Amino acid sequence: MTTKPPLTLRLAAPRGFCAGVDRAIQIVEEALKKWGAPVYVRHEIVHNRHVVERLEALGAIFVEELEECPDDRPVIFSAHGVPKSVPAEAGRRNMIYVDATCPLVSKVHVEAERHFNAAREIVLIGHAGHPEVIGTMGQLPEGSVALIETVEDARAFQPRDHANLAFITQTTLSVDDTADIVAALQSRFPGIATPHKEDICYATTNRQEAVKVFAPGAELVLVIGARTSSNSVRLVEVALRAGAQDAKLIASADDIDWSWFNGITTLGLTAGASAPEDLVQGVIEACRDRFEVTVETVKTADETVTFKLPRVLAG
């Protein structure tokens with residue numbers, strides 16, 4: 001019998017689903033129970049193909065635009081948030097709609113409105129084209145929000161009024177990258193209005209902090225998540241910056257190239273906020289097939305946050 005090589009697997013805690021993702025998935029499930037299939041969902045409810053396929057099997061139909069939905073079936077808006085024009089159009093068509101926007105994203109929308117009503121010029125730190133950024137910018141008239149993606153953008157930004165500025169941020173960014181951009185803005189515009197509470201969400205921060213703890217001793221870090229998942233992509237970047245020798249983004253155990261493990265004795269494993277736990281366990285089992293695995297849980301925070309369902313689905 002061949003002896004399996006040893007592998008120490010450092011498992012991040014917390015990892016995977018956050019409260020906003022849990023709530024969004026539950027909204028689709030409860031809508032299907034209440035109204036039956038099909039229920040339409042505008043954009044992937046969360047950025048994870050496995051989650052989407054499971055909900056499709058239950059009767060959810062995913063579309064990119066509201067015009068693809070019939071008037072007489074319920075539609076759900078994804079956790080990332082939508083421009084104001086979307087619920088306005090649904091209302092005009094007398095559609096039943098449920099907004100699954102994460103409450104932490106909605107908080108950023110409220111901040112944007114507050115700054116706009118105070119006649120401040122608004123800077124959004126985020127990634128162009130991400131659904132959350134499109135949704136946040138779409139809360140206000142076109143041209144009201146300037147998007148800044150990098151420190152260089154912050155240094156080059158020319159506001160209309162240096163003394164009347166505010167910034168908000170996409171919730172799923174790298175904590176460190178955002179800090180650098182904020183510092184660049186504040187050095188140029190000391191009076192810029194800041195969020196009441198940091199916009200980077202608790203789950204994004206917690207998952208990045210766990211990776212920072214185990215990355216320095218890891219020869220390889222695997223992050224389970226979709227390439228369209230901003231927070232998952234950031235976890236790979238955080239792992240490399242924190243000292244991991246290598247880091248890869250995988251959708252599931254099927255994506256693993258086992259040549260990555262040549263000479264490896266220490267693996268770090270985590271999952272983005274939209275990746276279900278069964279994918280994590282699948283990677284652990286795949287490792288056990290090839291290695292004598294010792295799992296060490298690296299716990300850096302307790303998460304007790306939960307969000308209520310919209311009133312139309314509660315109770």
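Note that Cβ sites are derived from N, Cα and C of the backbone, with glycine treated the same way.
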Of the residues S187, S274, only one is listed by Swiss-Prot in the dimethylallyl diphosphate site with H47, H80, H130, S229, S230, N231. Which is it? S274
Which one of C18, C287 goes with C102, C201 at the [4Fe-4S] cluster site, as Swiss-Prot has it? C18
For S230 ((2E)-4-hydroxy-3-methylbut-2-enyl diphosphate binding site), the three-state class that DSSP assigns: helix
For S274 ((2E)-4-hydroxy-3-methylbut-2-enyl diphosphate binding site), the number of other Cβ atoms found within 10 Å of its own Cβ: 31
Over all shown protein chains, what is the count of other CB atoms within 10 A of the CB belonging to C102 ([4Fe-4S] cluster binding site)? 26
Which are the residues of the chain, H47, H80, H130, S229, S230, N231, S274 excluded, whose CB is within 8 A of where the CB atoms of the isopentenyl diphosphate site average out, their centroid? V46, P131, E132, T172, A226, T228, S232, G272, A273
Only counting partners 6 or more residues apart, tell me which same-chain residues put their Cβ under 8 Å from the Cβ of S229 ((2E)-4-hydroxy-3-methylbut-2-enyl diphosphate binding site). H47, N48, T172, G272, A273, S274, A275
Filter the binding-site residues C18, H80, T171, C201 down to the ones within 10 angstroms of E132 (active site, proton donor), Cα to Cα, kept in sequence order. H80, T171
